[in-house]
């Protein structure tokens, strides 16, 4: 049994790690760190988990000390845990970093998208971008995992088969993402105030969203051709759920069955991808994946113009965060990829 | 391994039985019956379960034939399965009836509350009212279980300790219930049309709600004194969740710690009751139990007047339906009460 | 044309005063005060009002100076404007105070319910409690109006006819209120964070809610008998809307038509009360009053027990705040009671 | 005072016509037609309008008879009123048709998008496409108005300035629309069942949406160059609101101020367009226009790629239906364009 510590355990992603690891056969949570809630029991901020984790209290992470665990999950906001992570790397601890701190390989991109000079550029190449559907080979045996962003995950999964087989115009890729309110985390702010958020439909960060760079980094591995893509996220009033709609134009005359084959080939054997295009359903719905690690993927072609869209619906806190982190970790540890993640979605919810 | 059949498997409660039994160590679903969706795969109406139950298709229940299962769950609407159930009783099949058809012991009450002459009055006494927190002794070995209504469950759990210890005015019990939209089932109707339901706060059936009779039936077992209680349900715009607020007036001078003891005594050892009154929380919230079989119970006393309220928050589809049915069945089969039900709540959702 | 100034104009109630007064034939907003947003245009915090109030910017209220207006609306949080209001009283300015600062007549009650010694006890009797349906006579010519709380308004309107005619047990009045998220105002906090609020059903302040004292103060004017009532509010996930369900037990044998007459007598000629009990509808729904000053009132009797309930559905920001303030002001100024308030409800919304 | 009749007055668009015309200085509703609700009072299906329209009852439209009104609004579903409309045209009655029946000029397109042979192809050219921001000249004096679809309106308003000035790649226009649940009307169906709709994010009609043809028809008037555009709508869980995000790639090196000028030039003097790009706000939000006829328009440019997006947020039942119909009618009648439509948006709601 591996023992895990969670940094930032009081946030929503931390809460999902706690929830999912309850059902993991090989990993148990030993330490839950939170500066703000130090000494409070875990159910103080996660009242749904009352009765689970009896006796576990949040602790303040003492930077001088090793977390005394086999695995550390970093669920802190971007930048907050970067120095801790670097020290843990030195200590040789296995790390799954759910922040953006080590996702990008090119340190220059941190200036462009995050506005800071990355303090550990040499570490960037040591982290594996933990998207199992693309990088499972690299993940085997990996000790440092940078877990992808939720919008990036949804976008890449929707587009990867189309890009790999080069059947779309790679110069005009529009990624239009719609996300629920839990994506912004637990801290209240004006945009998440219920009267302001419920019922909204609004674009945000329409001048450039950071997850685009993750998309581009991974997409470039799939093709040798030039790529131009842009991402525009929108806030809607779901709590959980992200839907990525990736639009471009077919460069070959393919029908829907051909497209189905493109996706089926790409995701063959991937346990958490459900290609939902079928006789009973055509398009994904975020409501079908709530609480689970499944990504429901599909596509649609408009015959009038040749526009094709790839779609992914996922739960931003699970396949977009905590679940995917466990999935990647499972692979890296040589466990079954599905371990602890076979919980079915909850619907209606 | 017990084999189960589900009548009405295409509804929301049927879907939750399918979901929860996936994780049950001793029971597996063999047959899913649905007249309307006969021959369709289970994921046709439960797309969240795509990939689970591969090969299972809805079947039309043939009334001439035994369901070829050890256990039958009846998740049909009230009245629709009553003759089937009676025949299954004759066949000696173990039954968990989630409809109201066999909940009430007194056949006269069916005239009053359901408007029909009960066709099998002799069977009523043979069914155990499957509320484990009150009737676990009767459930042991029971082969016929009538699973309680969701509003009844929430109301009884909130009030039972107060009634048992006779510390409230038993003549002025007001049960004010608030419920989400999934309670009315999967069939669309005007009141559940999204533009009409989302954002609503409205009373319904304020002239008398059927679940009151269940409340009274069970409450009368707890006290020899006369009881007068009334139930008023309200529709709100949650999807899952029912909150029962049971109000009356203290007849003794008790403080909050005394009240806590009243609840703690009553629910000692009950695995799915969480008395949430504590240093970190005082009152329950339906959001803390979504997807789970937990009932979060608490209470509040107003010092100015001596009014006391008992509260229960539960998931109407789980502790209010499918989960409680499995819980009662577990007891009846001599299994661990928690078997298949240890899934933690999902939050935020 | 009267000129009005609004203190706390950046809040939700301030926004509704701005919206409604746009359509008022005799009152126009001259000044919008907000400390936090001083110098910003009004549409900075009220972007829905972009294009209206061109040129109007929030100003910092300078306590040394008169607001140079005929009427001052105080929409500040409780306590924040109390000294300003007292000074404005000295200056002889007409005031509509939407905070709780001058609602209660008995200064002792401020200690009990608000935890402070009221600094201006002599002023309390000078303010008229601005509930037009009960106090229209006192409002005529009044220069100082304390506008009621939203939960108090809903509760009093539901119960007043029953109390006035003494047809219920006055010793066992349970007021169970359900409210939307806008009631708590514009400032984000944990309970209003969208992932925490959307879908919730939870009681709060179940140990005693301040609006109970307003209810009691006004109810005592309607009867010479003793009254025992208790109020328990619940948070649900609507944005706008409050529903008060006031429950007690009939002391006389009345049928529904009798009850209708009780309400019809009480509210005869009141332009904003809609008694919705009719051949087409029986019970109120908050969705039918959104954006408007209407209070939809009805009742229900349970024949089994004689329990009777009065219900009010209203928009907490309009009839529960800004609209009612204008309605009371209209009466005090001798204008048509409906002036500026004839905007029909918005549905579905 | 013009007298109006409404066909399909019991639907959501019919309800909004009733609401808005209450405030119109020159038009009053004389007749409300509904087959299903014939003889019921208007507030039977529009309970929010109780107390308004006293005495008005729905009538069955008798096809043999003239509606005895100056103006007929057709708010029936597509196709249902097409023969009635044709007859009314013969009778010389002024018509505002809110269905799609006469929006397209080319009868061939009805086969492609609506699957039927248009029975009155000669009438198509006689109707003016009632989008005042593009066609105000044609609307002056027009007696036959085909009021645009909501998604078409939002899309055209977002894209028109970019197309007119030919500053984007006209061959790669992606129109990604997100809409609330009221768009599908009052009739309950599975996709609008509250447990299925609330919280959803899902694409629909991704193979081709009918409103695309309206977009193309109007866009082609703005440019002589070839156009390739595709529309993909998504259902989200708002009640009111549609947001169109129109994406393409800049063909010239323009900065944000240049873009602002492009929009400002195009919409100069248009009373219901609010270009929200400013120092205080950049992007539109459907919540800022609820209940009103305003369309909030803005744009964003991503510097990394040159992708530019135009955005429109509007209320699908007002600027997307009933409000726009009245706006176009006002112009056709020579009235003030804003008559009856100056109601400010409602927020939060």
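Please read every residue number as a count from 1 along the shown chain.
Placed from the backbone N, Cα and C atoms, the Cβ positions cover glycine too.
Whatever TrEMBL says is automated annotation, not expert-curated.
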Of C:303, C:316, the one that TrEMBL places in the same NADP(+) site as C:10, C:11, C:12, C:13, C:34, C:35, C:36 is C:316
Taking DSSP H, G, I as helix and E, B as strand, the domain 'Semialdehyde dehydrogenase NAD-binding' (C:3-142) contains 45 helix, 26 strand, 69 coil
Per the under 8 Å Cβ criterion, the recorded positions C:10, C:12, C:35, C:150 that neighbour chain D are C:12
CB-CB under 8 A to chain A: among recorded positions C:10, C:12, C:34, C:150, C:316, passing residues in order are C:12
Spacing of the two Cα atoms, residue C:36 (NADP(+) binding site) and residue C:150 (active site), in whole angstrom, works out to 25
Cβ atoms other than its own within 10 Å of the Cβ of residue C:34 (NADP(+) binding site), all chains, total 25
Around the Cβ of residue C:11 (NADP(+) binding site), other Cβ atoms within 10 Å, all chains included, total 24
Within the same chain, the residues at least 6 apart in sequence whose Cβ is under 8 angstroms from that of residue C:150 (active site) are C:179, C:183, C:211, C:242, C:314, C:316, C:317, C:319, C:320, C:321
On the domain 'Semialdehyde dehydrogenase NAD-binding' (C:3-142), the mean of the pLDDT values is 95
DSSP says residue C:150 (active site), in three-state terms, is helix
